Amino acid sequence: MYMDRITTSQPAIVDATILHNEQVAPRYHLLTLRLEVSSSDASWLQGVAPGQFVQVDCRPAGILLRRPISIYKWSREELCLTLLVQRVGRGSNYICDLTEGDKVNIVGPLGTPFATDPTIAGERPLLIAGGVGMAPIIMLARHLQQLSGVRPHLIIGARTASLLILRDEIAQIGCSYSYTTDDGSYGTRGAVLAAPELELDKYSMVYTCGPRPMMRAIHNWAKAHNVPGQASLENLMACGVGACLCCVENIANQGNTCVCTEGPVFNFDQLLW
């Protein structure tokens, strides 16, 4: 088994201030938060890893349960987190409507991240994302690009060109990348598996996050090509700490497992889809 439990810093409950809220596409917002702690108290930030998430308090909007949001970017020096949020319901609408100077309470970092050791990622890892799954995958691409001897390739898929967000930031990562759109309005026409790069190179590892049908198809492709992989699941979550059992997934050889604590990242061979 190529992914062992990764040790990260213990989650902390912290207050934060909204520094910036940018709508980057219809229904998608990038929120940058500054944690209201001193640098000496923020050691937990040193453990933030691609694939982890935070739980955002929505009680000011009359919503009891926190909402899980993937971490898109973080800065230990500036004590800042950037989150990619998609408008889906009341909780995410509340978060997307926050403005500069607003206060918010978060818990994090939570969850088991992607396995990024070069011995696991290999020389040519393949990263595939769709929808809000771009957040952890882009963070992962930045991390892998900085590792010596690792050359990641990134594929981003969307229904149409207007939903291919963050293209400027992706271009600045430095890795190779390509796009697909269902309607052919940008990049290759079709789903992510239509990307010609899939057949033009031999990949050492696959990482993916996005809609479940997309990830299932990627899993089947990877299995057919004998490439190991990991997927970050987007199950509904409530508590984020394994207490409510809202996010349970049937995992091979484990049975019902909390995605929030044992995931959200799982090896392909653990998933029963």
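Count begins at 1; order follows the chain as displayed.
Note that Cβ sites are derived from N, Cα and C of the backbone, with glycine treated the same way.
Where the annotation comes from TrEMBL, it is an automatic prediction and has not been curated.
Residues or ranges marked as FAD binding site in TrEMBL: Arg67, Pro68, Ile69, Ser70, Leu84, Val85, Gln86. As annotated by TrEMBL, [2Fe-2S] cluster binding site applies to Cys239, Cys244, Cys247, Cys260. The domain 'FAD-binding FR-type' annotation in TrEMBL covers 11-116.
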Check the Cα distances from Cys260 ([2Fe-2S] cluster binding site) to each of the binding-site residues Arg67, Pro68, Ser70, Leu84 and keep only the ones within 10 Å.
Pro68
Under a three-state reading of DSSP, tell me whether Cys260 ([2Fe-2S] cluster binding site) is helix, strand or coil.
helix
Whole-number Å value for how far Ile69 (FAD binding site) lies from Cys244 ([2Fe-2S] cluster binding site) (Cα to Cα):
18
Radius 10 Å, atoms counted are CB only; among the binding-site residues Ile69, Cys244, which position scores highest?
Ile69
Stretch-averaged pLDDT - the domain 'FAD-binding FR-type' (11-116):
90
Sequence-distant neighbours of Val85 (FAD binding site) in its chain (C-beta under 8 A, six or more apart):
Tyr28, His29, Leu30, Leu31, Ile69, Ser92, Ile95, Cys96, Val132
Inter-residue Cα distance where the pair is Cys247 ([2Fe-2S] cluster binding site) and Leu84 (FAD binding site), in Å:
20
Can you tell me which binding-site residues out of Arg67, Ser70, Gln86 are within 10 A of Cys239 ([2Fe-2S] cluster binding site) by Cα, answering none if there aren't any?
Arg67
Around Leu84 (FAD binding site), how many other C-beta atoms are within 10 angstroms of its C-beta?
24
Could you say which of the binding-site residues Ser70, Gln86 has its Cβ with the most other Cβ atoms inside 10 Å?
Ser70
About how far apart, in whole Å, are the alpha carbons (Cα) of Ser70 (FAD binding site) and Cys247 ([2Fe-2S] cluster binding site)?
15
